[in-house]
Amino acid sequence: MTLNPLLYGFYQFLKLIVRLALRIFYPYKIYIHPERLRFDYPAILVSNHPNTLVDPLTVAAKAQKLVFFLANAGLFKSGFGHWFFNTFYCIPVQRPQDKGGKKNISNEDSFSRANEHLAGGGVLYIAPEGTSEMERRLRPLKTGTARIALSTEKKNNYEVGVAIIPVGLTYYRPEICGSRMIVNVGAPIFPQRLRESYESDPIQTVRSLTEELEQQLGNLLINTENEQEDERLRTLETVIQHEKPLSGAKRFQREMELLQTMREKNDEEFYTLLDNYRTSLQAARVKDRAVSGRSRSGFSLGAILALPVYLYGLINNYLAVKIPVWLSRKLDLYRGYNATVKILTALITIPLFYWLQSKLVEAYLGDLAGWLYLLSLPVSGILYWRLSRWYRNMELRWRYRRLASEKREELQKLRNEIIRNWDQ
């Protein structure tokens, strides 16, 4: 596929910026089987879609090949949008909600462009759920992915070898900078093998392939049935983690097993116990870390010595990091856009205020002081973030200690019962 060298270079530059931004916002992001995103054949990358723009960028930033995006046609309505998204590797697709709920929508032109792109060895990203909802569960997949893959093969005598690669995205606190994220890359699915089935019954083959994709994608992420089950799993996983700490992929795998075992037990008394413990923690405004005793941060000489570093980082990074947070609240958008707004705004505010502040120091104290100050800003920002977590744990521990002894005993008893019941 022939690409404009300038656009390709700009794509690679943006890819570098995106990887850096995601690395900062989700510093505990874990990729499982990232090698599956290094391939040399045409492919459709698909993922669940809880976090709007962050989802496709997370997948595309790790993919070795250049990725085109099947995007909401509403983004192309304005003159600028039509130019920008067509120029920068996006293909529009109509959805019923974009047409007032109409079901008879034609995407033949978009599908033809996708077919041509894949036949030329290209890569597409598709969010097959169709909409973005910030929840840890997979919604039913639309058939578009299967239709595009199979029609591409049919139009090219089943010689393209296009793959569908499912990617499961599990967020823990998706709107919060510094939270965990799991990117679990599944094995590729090759629709080419369905030639005979598709020729004889295309509709049923599309449905079967969609069901296969939905099952594989669901196995790659924390796929809870509803918000109540999700809250119970979070409570249980937090307690177990503080008893037997694991990290990275091992912790994620254990959480998957906890969900499966919890469903198999289907113990209403245990569910009630988890609910009571969670609501008791919320009422007391403490966390399980404090009750478990793992939050041992207390008033110490280290806390006093670290305070100037914390204050330096807070004061000198305040505008750069607080404006994105303020803007996301001010816009009051659907919460799935919060991380996107924060990241995009921070890409402007951080370099802007770092530059302005360093120029101000330079004007008063000279060039050397300005450069040294500029170099101190990202370091102080990281230290401020880490110390914030430390002081937060200290606050939670103090709050727990200030609770009445009866309340502490109640929380400890509920927690011990959870552990005892789970170990049975």
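The backbone N, Cα and C atoms fix where each Cβ goes, and this holds for glycine too.
The coiled coil annotation in TrEMBL covers 210-269.
Among the features that TrEMBL reports, domain 'Phospholipid/glycerol acyltransferase' is placed at 43-172.
Within its own chain, the transmembrane segment (297-315) is flanked in space by residues 380-381, 383-385, 387-388, 390-391, 393-394, 397-398, which lie at least six positions past its ends and keep a Cβ under 8 Å from the stretch. Annotation source TrEMBL lists transmembrane segment at 297-315 (among others).
As annotated by TrEMBL, transmembrane segment applies to 336-356 (among others).
Annotation source TrEMBL lists transmembrane segment at 368-387 (among others).
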Inset, instruction - With a Cβ cut-off under 8 Å, give me the same-chain residues at least six positions beyond the ends of the transmembrane segment (368-387) that come close to it. - result: 177-178, 306, 309-310, 312-314, 316-317, 320-321, 354-355, 357-359, 361-362
Inset, instruction - Kindly state the mean pLDDT of the coiled coil (210-269) in the predicted structure. - result: 95
Inset, instruction - Grab the same-chain neighbours of the transmembrane segment (336-356) for me: Cβ-Cβ under 8 Å, and only residues 6 or more beyond its ends, written as numbers and ranges. - result: 17, 21-22, 25, 50-54, 132-134, 174-175, 177, 319-321, 323-325, 327-328, 374, 377-378
